[in-house]
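According to TrEMBL, the protein has these features:
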DOMAIN    30-90  domain 'SH3'
DOMAIN    92-192  domain 'SH2'
Amino acid sequence: LISEPLNEARGASRFCKSLTSSFPIANESIRENVIVSLHDYPTFEDTEPTMFAGERLLIVSEDGDFMTVRSSTTGRDSYIPTNYTAKVMHRWLFTGISRYKAEELLQKPNNQNGSFLIRESETNRGKNSHSLSILMRTNSSRLNPVKHYRIYRLQNNWYYISPGLTFPSLHCLVEHYSESANGLCCQLTAPCFIQGLDTPRPVPNIIRRPTINWKDISRTDSGHSLVSEGLREAITSYLQMTEGDEHSWDT
């Protein structure tokens, strides 16, 4: 059970600095609302997409539940339903995005551990309720790399994830957890990457550790090393596969 949270943040300041300098974007002129694509479009296999999921879109015109948008990637226009897009405010607050789509966008290549977004809660839609989604990849392929945290709102309009640590705004909440994980899976590092808005982030080099500890390998009495032994086994297996009926590979 969650106990009643304090009205003031324990260890967190009432005031927080602006986050505009914490998460810089490539185009400094874009500070207001941004429209992001949630789908590749069109989805036909034999048709080249005119826009891609996770990229910034420019609104050309609006027509009720549809709109004409221009891709920042291809430069081409698409006439799409409005629910094919999400509105992004403050660079990390997404409106009109589901939990599933949040996971999809956060797992795109340019995101790293700690990449995050805040979205409207699906279970409490329309009640000004939010969830924090964070990317945290692990070595286990069975675990969902995106973790979700419910953001609660008090009657005095303060926010909290963990009881006893409340914030006067979502800005302050994001600022605090970008400085310390403080109970979350990891520290917030950067908002979810948006193609056409952010500078591509470098992909970390992955160094594969050798599966053989060469210090533990010694030559056998016959003078053959583990490498030559393995090579002989591989050649023997190959010769066995190629022996027999010359038409054995025909289908």
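Every residue, even glycine, has its Cβ placed from backbone N, Cα and C.
No curator has checked TrEMBL annotations; they are predicted automatically.
Using DSSP to sort the residues of the domain 'SH2' (92-192) gives these counts of helix, strand and coil: 18 helix, 29 strand, 54 coil. According to DSSP, the secondary structure content of the domain 'SH3' (30-90) in residues is 3 helix, 31 strand, 27 coil.
For the domain 'SH2' (92-192), the model's average pLDDT works out to 92.
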